[in-house]
Amino acid sequence: MHEKFTFTLKSTSGGARLGEVAMPRGVIRTPAFMPVGTVGTVKAMYLDQVRELGADIILGNTYHLMLRPGPERVARLGGLHELIRWPHPILTDSGGFQVMSLSGLRKLDEKGVTFKSHVDGSLHHMSPERSIEIQGMLDSDIQMQLDECIALPAERKEIERAMEMSLRWAERCRVAFGEQPGKAMFGIVQGGDQPDLRIRSAEGLKELDLKGYAVGGLAVGEPQDVMLGMLDITLPVLPTEKPRYLMGVGTPDDILKSVARGIDMFDCVMPTRSGRHGLAFTRRGRVNIRNARHAEDMRPLDEQSNCPASRDYSRAYLHHLTRSNEALGGMLLSWHNLAYYQELMQGIRTSIEEGRFADFYAETIEMWARGDIDPV
């Protein structure tokens, strides 16, 4: 067992990095995809399944867990790991993004943000210190600073104000977090689509000497080339010996291109959310299983996959389930999508280790471009 939180950069291939984050509850192989367990569940999945697919860590959402069942109750029940039966690492976000996007009647100032719950309209206050306190009660292994995430496009003045506020909040979160052996607090780079603000944010966070650094405020409405451009500007500023986490991203294409730039960790609801709506991600691109072409196709989504949902169930059956709005359809497609994401990450890690990431990148893009197999 690892007593401390450590990050080891094991190998590189071009800009892509192979590493390992170690902590008492386990080791995270990077680049890593973290399935999102918003309210203590990866939607439509058993956590045993999530683990079997290759996930080393999952994500929990501070905003949702704060509203129900509540952090004090989670703490009384032994913490989030005990409650949900997941003994491996958990990362919790700060709740900031959901406060800004879901809650009503927000009042934001230097102290924090006051907001109404989207569940029952109750009034709550989230400060940097309270966010860290809640994450401590949840007993997560990696905790995120409270930040203000601005949706793009936005005026530069507003982006700059939010970035500077987030920097000050990062320092307060660092003080509130203190020293917790075996755990880590990450800062979040903000600055919207403004290169100089991104650099200022990264430099300011670097001075705090945190255990890891996230890039936030992307995949919030901007084109992919803008997101990648911000990574090109931001990542050279961040220390190479610390893990880098791109928040809320994304599609397999986003992940592959971000790995090429040096990102180590990802999370996104896309594989499970898309699965619940009949969309499958495969080695030959996206497949909308609701389309009529699949109605009498007895072939599986991917006969090469180790996942039963991908290998053993016909497209015709998956089509029937999704068109009938049966819960099993969303369950099987979520299972398939998470399997594909983890297979992609394993392929990325192996290719970096073998020094052939550029070839893997080109081969993967080429396979996606071919499109789905021909109809029957």
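Glycine residues also receive a Cβ, built from the backbone N, Cα and C atoms like all the rest.
As annotated by Swiss-Prot, active site, proton acceptor applies to ASP93. Long-range C-beta contacts of ASP93 (active site, proton acceptor), restricted to its own chain and to partners at least six residues apart, with a cutoff below 8 Å, comprise LEU59, GLY60, ASN61, THR62, TYR63, MET144, MET247.
According to its DSSP assignment, GLN190 (substrate binding site) is coil. Listed in sequence order, ASP147, GLU148, CYS149, ILE150, ILE159, ALA162, MET163, SER166, LEU167, LEU197, ARG198, SER201, GLY216, GLY217 are the same-chain residues at least 6 apart in sequence whose CB falls under 8 Å from the CB of GLN190 (substrate binding site). The substrate binding site annotation in Swiss-Prot covers ASP93, SER94, GLY95, GLY96, PHE97, ASP147, GLN190, GLY217, and the record cites sequence analysis as its basis.
Among the features that Swiss-Prot reports, region 'RNA binding' is placed at 248-254 (among others). In the region 'RNA binding' (248-254), helix, strand and coil residues by DSSP number 3 helix, 0 strand, 4 coil.
If you look up Swiss-Prot, you'll see ASP267 marked as active site, nucleophile. Within 10 Å of the C-beta of ASP267 (active site, nucleophile) there are 23 other C-beta atoms, taking all protein chains into account.
Annotated region 'RNA binding' per Swiss-Prot: 272-276 (among others), in sequence order, evidence recorded as sequence analysis. Within the model, the region 'RNA binding' (272-276) carries an average pLDDT of 98.
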Can you list, in sequence order, the residues of the same chain other than ASP93, SER94, GLY95, GLY96, PHE97, ASP147, GLN190, GLY217 whose CB lies within 8 Å of the CB centroid of the substrate site?
MET100, MET144, GLN145, LEU146, GLU148, CYS149, SER166, ILE188, GLY216, MET247
Cα-Cα separation of SER94 (substrate binding site) and ASP267 (active site, nucleophile), in Å?
14
Grab the substrate binding residues from the record (ASP93, SER94, GLY95, GLY96, PHE97, ASP147, GLN190, GLY217) and give me their largest CA-CA distance in Å.
15
Can you tell me the CA-to-CA distance separating GLY95 (substrate binding site) and ASP267 (active site, nucleophile), as a whole number of Å?
15
Residues of the parent chain within Cβ reach of the region 'RNA binding' (248-254), under 8 Å, 6 or more residues beyond its termini
97, 216, 218-220, 224, 227, 266-268, 270, 281, 340-341, 344, 365, 368
